[in-house]
Amino acid sequence: MASLVYGTPWLRVRSLPELAPAFLRRRQSSLFYCSRRSFAVVACSTPVNNGGSVRVRFAPSPTGNLHVGGARTALFNYLFARSKGGKFVLRIEDTDLERSTRESEAAVLQDLSWLGLDWDEGPGVSGDFGPYRQSERNALYKQYAEKLLESGHVYRCFCSSEELVKMKENAKLKQLPPVYTGKWATASDAEIEQELEKGTPFTYRFRVPKEGSLKINDLIRGEVCWNLDTLGDFVVMRSNGQPVYNFCVTVDDATMAISHVIRAEEHLPNTLRQALIYKALKFPMPQFAHVSLILAPDRSKLSKRHGATSVGQYREMGYLPQGMVNYLALLGWGDGTENEFFTLEDLVEKFSIERVNKSGAIFDSTKLRWMNGQHLRALPNEKLTKLVGERWKSAGILTESEGSFVNEAVELLKDGIELVTDSDKVLLNLLSYPLHATLASPEAKPAVEDKLHEVAASLIAAYDSGEIPSALEEGQGAWQKWVKAFGKSLKRKGKSLFMPLRVLLTGKLHGPEMGTSIVLIYKAGSPGIVVPQAGFVSMEERFKILREIDWEALNKDESVPLESTATVST
């Protein structure tokens, strides 16, 4: 809780009304509030008086999508609560009535659920501290605003918008902070009653000591201190009766028995106002922990101009929740080892707020993609195959999402997949046959010069005789046996055998395991496997293209007509 310290002049502090004699607790107590003493509040690291239990909250505003920075804040709160056996509370801060929508709220809830961050209290989950939307707690805010008015911590301010603008302009001319300097902080009862009778609109302003400092002990940043003379009296209730953000947050955190407030460092200025309200309402102070911002590679604040920034966007791009959670956890936290692969359960076990770094964390989309691939390949085969198979069918490549072809294709191609959406490209690449483009490339020249035309002639003869179709029909074992015999007949082995076969049968110089690839290409030619519009080049069509190759022109370094290249249309 916040504490006040009295002593020698350099430690002298200003009395707050709840500590002052009763005769000073009046709205017109101008002498008391005009005293120029110094003031200091220290937020000690002591838990809220809620039985010692840990209660944290994530409080998004439903005005848009869930940003990755917000998702990381939610994750750190979730991990802290779970690691301490505490409660993770979800509160919707929808006081911005013009921008807040239920559609945005639903999207945020969906993103949190997708990440696996289930909340113990909040929308859809009953609890003892509801309601959990700020728009449904207005009566509570008004109750505490009136309490502050009665104690003298806030006062009615009847300044017009024009007057406030003029104050800011004057402060700017004098190169002073734009703090409130209006007369209503020291107005008499008579002056106030006169304005009330006229029906003049007013706000509630919080009295801020004019000198001194406020300190908190942040769990991540250590001691943080502000000079109070830079703040000025701030509004807690607007003229339309709507409470402002800092007032709502303080009342909510206190009445919901929140023990730890873990949030982004951009909220540090809010902590100054909230700490003053805590003390004025005699609320116990929670422990604060302000995490660093997530930065773009150029060290500016991550924004839309840097690409995808919302959880929903990454979900639509094919990222897994496991990969997102793992990567977000490492943006400013580590367990002290070289390990970078964590499941959500691992993170709950190892997380500690003491290991959260106060320096800005760089968001590296390449690293996120790599990490997603690690989690994708760590999935059980059945789950991975289901994900990829459904993707291939929905993308219009395969007619079915399951079966032996899907199983074998996923097993062959999974090392080249980092996102589920990558699976389209790798399968289309397997099904394509860009032979002419490959033969025309400089990289293929050594293979062409190694009597590739002779291997092609022998291969065509073996296909026409039925040897190749027969071996492929029997499967991987029979195909390997045939390749070995074919190599002996040509007196070739190793690279001198396998490279020509890869080029001539797949149309490429590189790719996944050759034998399995060729067997799968043959199987893809069976009826009902590949969607006709997918651009698949069957084994029969490949040999037709092989027969039309002008090997003499190739050996003379003449250009190959690229219009005859067989590729998949994407």
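Cβ atoms here come from the backbone N, Cα and C positions, even for glycine.
Per Swiss-Prot, the feature transit peptide maps to 1-39.
For R57, F58, A59, E93, Y245, N246, F247, C248, V249, R263, the entry in Swiss-Prot reads L-glutamate binding site. Within 10 Å of the C-beta atom of F247 (L-glutamate binding site) sit 25 other C-beta atoms, taking all shown protein chains into account.
The list of residues near the motif ''HIGH' region' (60-70) in space but at least 6 beyond its ends in sequence, with Cβ under 8 angstroms from a Cβ of it, reads 92-94, 96, 99-102, 104-105, 107-108, 111-112, 264, 293-294, 302, 309-314, 328, 363. According to Swiss-Prot, the motif ''HIGH' region' annotation covers 60-70, on the basis of a curator's inference.
Residues annotated as ATP binding site in Swiss-Prot, with similarity to another entry given as evidence: H67, E266, K301, L302, S303, K304, R305. Note: E266 (ATP binding site) has non-local neighbours L293, i.e. same-chain residues 6+ apart with C-beta under 8 A of its own C-beta.
Annotated motif ''KMSKS' region' per Swiss-Prot: 301-305, in sequence order, evidence recorded as a curator's inference.
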Spatially closest candidate among R57, A59, Y245, F247, V249, the listed binding-site residues, to H67 (ATP binding site) (Cα to Cα): A59
Binding-site residues: R57, A59, H67, Y245, L302 - member with fewest neighbouring CB atoms within 10 Å: Y245
Rounded inter-Cα distance in Å - R57 (L-glutamate binding site), L302 (ATP binding site): 23
K301 (ATP binding site) versus Y245 (L-glutamate binding site) - Cα distance in angstrom: 23
Most Cβ neighbours inside 10 Å, all chains, among the binding-site residues V249, K301: V249
Inter-residue Cα distance where the pair is L302 (ATP binding site) and V249 (L-glutamate binding site), in Å: 25
